[in-house]
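Trainee: The following block contains the structure, expressed as structure tokens.
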Amino acid sequence: MKRVAAVIEYDGSNFFGYQGQPDVRTVQGVIEDALERIFKQRIYIQAAGRTDTGVHANGQLIAFNCPNDRMTTEDIRNAMNANLPDDVYVKEVFEVPVNFHPRFDVTKRIYHYFILTSRQKNVFLRKYVWWFPYELDLDAMRKAVKYLEGTHDFTSFKTGSDERDPVRTIYRIRILRLKNDLVLIRVEGRSFLRRMVRNIVAALVKVGLKQWEPEKMKEVLEARDRSAAAGTAPAHGLYFYKVLF
């Protein structure tokens, strides 16, 4: 039996998040159902991250034990894509060591968040970007992210139900103005708390609107209090873009 990993992408619009749950449609659930059809037995998968309801992925990484040693990685990829719904796609399959675990062996996770600042709504993008028809001061936002980069206690930017260690490391945050009034916020780190990226985006938007000075980010971070921060940016603007390991 060999162990394989797969890079997958999915449109999170019609999923109740990644993690398997009874009686609702999840990314993990549809992948494990597809693998069961292929291998005629239940195959359990592990993932590099558990995206929330409505969050998308370009480069989620999963791993599982393949019970058929005769199948090549290309055979596995083709079989999975033939059995998956059209909002999930396997981009690549490759062999990994038998003890590989995507959650623990990944060294960097990269998230992308898209904000559409045009005055007019784009109905075709409504599930894939946060439509926010206001001018944002990107220079001020870039100053604010410097307080977040590095290793800190991110209690102010976590969801209340997350009981894990709040100390996390953000390697880098980039804020880019793209074509057609799109703003990209790219966040790179080893691991993240639940809704941490979306909570950071909401705080950066406060700075971009000039409701907060960039230095306010340091104050919020040091407060270690969720109520000191802003709200939470919508899920549909967030993409689990890529992992490195």
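Using the three backbone atoms N, Cα and C, a Cβ is placed for every residue, glycine included.
From a predicted model like this one, the values you see are computed outputs, not experimental measurements.
Dumping what Swiss-Prot says about this protein:
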ACT_SITE  ASP52  active site, nucleophile
BINDING   TYR111  substrate binding site
Trainee: Does DSSP put the residue listed as 'active site, nucleophile' in a helix, in a strand, or in coil?
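Mentor: In three-state terms, the residue listed as 'active site, nucleophile' counts as coil.
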Trainee: Going by a 10 angstroms cut-off between Cβ atoms, which of the recorded positions ASP52, TYR111 has the sparsest surroundings?
Mentor: ASP52
Trainee: Is the residue listed as 'substrate binding site' helix, strand or coil when read with DSSP?
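Mentor: For the residue listed as 'substrate binding site' - judged by DSSP and reduced to three states - the answer is strand.
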Trainee: Rounded to a whole number, how many Å is the Cα of TYR111 (substrate binding site) away from the Cα of the residue listed as 'active site, nucleophile'?
Mentor: 13
